[in-house]
Every structure is written in structure tokens, then in C-alpha cells.
Amino acid sequence: MLKLEPRPSASATMRYVSPLAAVALTLFASLFLFAALGKDPFTAFRVFFLNPLRDMHALTELLLKATPLMLIGIGLAVGYRANVWNIGAEGQFVMGAIAATGVALQAGDGGPWTWVLMLLAGAFGGGMWAAVPALLRTRWRANEILVTLMMVYIAQFAASWLVHGPWKNPDGFNFPQTRMFADAALLPILVEGTRLNAAFLVALATLAVGYVFLERSFYGYQMQVAGEADAAARYAGYSASRAIWIGMLASGGMAGVAGVAEVAGPMGQLTESISSGYGFAAIIVAFVGRLHPVGICLASLLMALLFLGGEQAQQFINLPSSISKVFQGLLLFFLLGADLFIGYRIRFDRTVNPGKLPWKTT
Amino acid sequence: MENHLIASMLAATIVSGTPLILVAMGELVTEKAGVLNLGAEGMMSIGAVTAFAVALSGGGPVLAVLAGMAAACVMALAFGFLTLTMMANQVASGLALALFGVGLAAFIGKPFESTPLPMIAPVPVPLLEHIPVLGPALFNQQAMVYLSWAIVAAVLYFLYRSRWGLVLRAVGESPSSAHAVGYRVITLRYAAVAFGGAMAGMGGAFISVFYTPLWAEGMVAGRGWIALALVVFATWRPLRVVLGAYLFGGVMIAQLFVQGSGVQLDMPAQLMSSLPYIATIAVLVLISRNAHTIRLHSPASLGQPFRPDA
């Protein structure tokens, strides 16, 4: 008989093993899923998981896709450590994109540093969009999960209104999108001939700053305590509302920067569907990355691979690209399940007469 | 003419509030048992796409709804396995369910996109439908609307008049006491989670088969999340859920009536469309301000894992 037994202390090893187990289980499940869909599982596996890694160009695309996930994921981790559940990064991403587009359209051919101004505007836009739930939570205790989510829909309607209305490209054949940005409003390209741009460096820098803040600073420590034992945090005099403000502004600001990376990077304009689910995928990134900067970096690469795999699957094996989201969801399910073994272990209980065991209470 | 307009606005409000009632009733029972399942949006999407697929392949509306309920119920049980058996964090698992459900529904529904189903005719209630104004609004509706009322009555009876309803509430208030007197906390919570899933599936099926008979990615459009907010708004009381659902139903259809009435409003359509979401935030703030009411009515063990042997 298998028996679940609490460990005397949480297993540090399992904390690292469980994401790996979740990845392995997801890959394994993918074989079954492909087979169930009537595809040769090994061909499909190769197309989905290996095609996006096949050459230098593919790898730069992977880094390009991972960039917004890193930015948003590290921001979310700051809040999640303190149990501040911002799940509206998708909306903050859109607001960042909108703010940056405002700067780009205003600047026209503008100065050579227009894109820097755009990054700042994006951080501000995303941060302000997250400040609303932070205010409502700290002043009136409104649940931030639901408020941030509702604000995703509002942000998407705002983007839709702008590209159908005031910011619509007059020469755009009636497509709901803005004018293409001027060169000065585009992020500089890092590798000639690819789409990988300076936002990737910004993301790496953010991960480094995130590391110092979360792992090495007193504020970061306070937030962690607030999340793990809020009674202890209150006793120590750590302010709960400060944790909420830091968590929301950090995640909102970073999501906003990610929005800039999209409009001033591969898109080059604001469109109605600018958010392609990065804000939600980054929630998974934050969890799978164990709310740790290094983990988030790796998880972003993995999630980017899943996104690109979906595109490959659509192109080569005729599966809808939304299969990416299925794998992303499975990954999170497996991780949450595997996490049981951080606190518990399985014992194979051979005894016929359990009544004789001294540690049995019933 | 005036009467006719009022009646059709009322009727549309009721139809648009119905999926919210269904989903929120399920979530209410789940939360009464002490389990917070944030995955309503995902379960609704799965329910909607499954029901649509069954209806499209000629299964008829009854079978379609049942299939939608079953599919969402399976999703809910997966959530139950994670949170009740594996003791995973309920917030994170609920989010996972929401993300996974929406993604899986998009994946399954791709081939059916832009294939409409025939509209299902309303079922008038004899005699009652002839009451002026209220008759056509209340008693010439889809069968599912009447069913939603029956479900509300059943939930009310179950929670406050039946023994098992009392046990369920006890499990939500104090699982360790309920366990101590010999009730199976985990089994009851599984049942509550399954009921929540089935109701979310029914709500989703209502949208894709009865309300707007087609499938489009994202057609659930946050109704699952709004239903979660409704439960808070109603401070976990079934009749207030109904009131809230119709209030939101009204806000959701306001846009159609403004457009249809020919009144030229100097307001972009997108602003009108975002009204239900703005209203949700406003209502949440209004209710949450009163921490006392929330604490008094929310199940004490909501969101807490329970392990019988510990």
C-alpha cells in the first residue's frame, strides 16, 4: 500500500527536481497527445520541440520570444513572493505597448533615442495600469486577482479603440493598426539579419536587478516573509501595503516594458491583437521558474520553445498553433502536482498489521 | 411600443444573466465547501466547445449540454485531484485550470470556427406568457432559463434546508470538526468541486449552443471571472447571486440596445463593451470595503488545504 508521509522538513532537492519532472512529464504527455491526434508522435515531437532549435536563426527567434516572458516573469515573481496575485500582466503589457506607441507616433522621425523614451513610457503605462488594482487593494481590500483580470479586457478594448479610431493608419487599407514606426522608434537589432533586438539585453539586465532585489536585498527578504508567514511579517512590522505596491508596480512596469519590446521590436506598430498571450504565459514562467531569476530565465526559454513549436506544428503538421497553450497548461499542472513531493514523500507500506506500529495514532 | 421595448430589454437581460447564474451557483457551492476554484473561465470554455461540437454533429441540445457539463466536470476533477489529493495551492491550480481550459478549448474548437448552428426556439409557458410586459420577458424564454431558476431553488433548498447542505457548509467552515465527527471532508469537497465544474460546463454550453450558437475563440469573454466576482458580490448568498447576475446581464446587453435604439451617443463602442468589466471592478470595491460583511459570510476555510491525518 502506498502511503503519503510528511517530510520532517521541506526537501530542497525536490524544489529543483519537481520543475524538471514537470518538463519531462509534459514532453512525455506530448507524445501521447500527438499520437491521439493521429500524427506520428516522433515526427511531431521533432517538429514541435526540435525545429525551433535547429540553427542560429531559429535560436535568435527563441531569444526574441523569450524576452517578453523574462521581463514579465521576473516582475510577477516579485509580487508572487509576497502573495500579491497580479494576473493581469496581459493588460499591463497592452498598456505599455499603447504608451510607447503614443510616444512613437508623437515623435515621428524624432531623435535617435526615441526608443529609450518609449521604454520609459511603457514601464510607466504598465505600472500605472497595475497601480489601479494596488490602490483598490490597499485602500478597499478589493481582490487583486479579479481586478487585474478585468483590467486586461479593458486594456484590450482601449487598444482596439485606438487602432480603429484616433491612431488608425490613414493609408492602411482600413486595417485596424497604426502607422509603422520610424526607424528611431524601433529597438536596435543585436544580430544583423535577425529580429533579435536590444530588449533582450534589457531583459537580462532586469533578471540581474531582480536577482539582487529578491535574493540579496532587505526589501526582497521582507516581501518573502510577508508571503510565507504574514503574521510573522506583521509582528516584525513589515508593511503589507508596501509589499503590495512594490509587487504590483514591479510586475506592471516590467509587463509594460515587454509591451514596448513587442511594438518597437518585431511588430513595428500597434495592432489590435498585440498581446499574444505573453502576460498569461508569464504566470506559468514565474511558477515553473520557482520565482527565482535563474529559474525564470530557463523557464522563459522553455515557454518560448513551446510558442515556437506551436507555430512549427501549424506550418508543418497541420495542427492549430493553440496546441502551445495546451502544453503550457499541462506543464503547470504537472509542476503543481510534483510539488507535493517537496513536503511529502511516498512510503511503501508493507506491514500487514498497521496497529503494531508505534508511530500510528489511529 | 414602449411596453414592447421594455419587455425585450428585460428578456435580453435575463438571457445574458443566465450563464452567470449557472456558473456562479456552481462556484458558490464549491466555495461553501471551502474550495476556491479560480478555473471557471477554463471550465466554461471547455463546456462551450464540447457542447458546440456535439450539437454540430447532430447530437441535439440536451445531449450537447450534458456533454459540456461532463467535459467541464472532468476538468474540475483534475483540479480536485491537484488541490484535494495532492494538496497543491488552490489559487495557483485554479489559474492553471483557467489557462489550460481556455487554451485547450481554442485548440479543440479550431475546426469549428465560423460554422453557425441553427437558433433554438424559446419555449413559452402557457398562460403566464400573456401577462403584459413581464409575460413575454420572463415566460417566453429558452428552456435553460427556466432550468437556471430551478437550479437556484435546488441550491437554496440543498444548502439551507437539507442535512447534507448543512454538512457541506460545516466542511467549509471547519473541516477538522467535520472530520472529527466522522464526515469525509475530502470526498465532500470532491463532490462540491465536481458540481461546480458541471455548472460551469452548463454555463459554457448555454453560451455556445443557445445564446450565440457558434464557436469563436475567446467567446466566453471573461464571464467565468465575472461569475467569480459575483459570488463575492453576493457575499456567498444564492439569491443575491441571481440579482447580481441579472444586473450584469443588463450591463452586458446595454451596448446592443444603445446601438439598436438609433440614439447617437458620442461614445466609442469599445467603451460600451468594457462596461461590464468596469462594473465588476466597481462592485468589487463597493463590497470589499466592508471587510466585516465579507468575513462574516465567506466560508472560514476557503482556500485552505485539508489533510485528514495531519
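Just so it is clear, glycine is given a Cβ too, placed from its N, Cα and C backbone atoms.
TrEMBL assigns the feature transmembrane segment to one of the listed ranges (A:24-44, A:87-107), namely A:87-107. Same-chain residues lying 6 or more positions outside the transmembrane segment (A:196-214) and placing a CB less than 8 Å from one of its CB atoms are 60-61, 63-64, 66-68, 70-71, 74-75, 77-78, 81, 115, 119, 186-190, 220, 223-224, 254, 257-258, 260-261, 264-265, 291-294, 296-297. Comparison of A:243-261, A:281-308, A:329-346 by number of C-beta pairs under 8 angstroms to the transmembrane segment (A:62-80) places A:281-308 first. Residues 2-7, 10-11, 14-15, 17-19, 21-23, 25-26, 29, 284, 287-288, 302, 306 of the same chain lie 6 or more positions beyond the ends of the transmembrane segment (A:329-346) yet place their CB under 8 Å from a CB of it. Proximity of distant same-chain residues to the transmembrane segment (A:243-261), defined by a Cβ-Cβ separation under 8 Å and at least 6 residues beyond the stretch ends, is recorded for 67-69, 71-72, 74-76, 78-82, 84, 86, 89-90, 92-100, 118-119, 121-131, 133-134, 137-138, 144, 187, 197, 199, 202-203, 206, 219, 222-223, 226-227, 233, 274-275, 278-279, 282.
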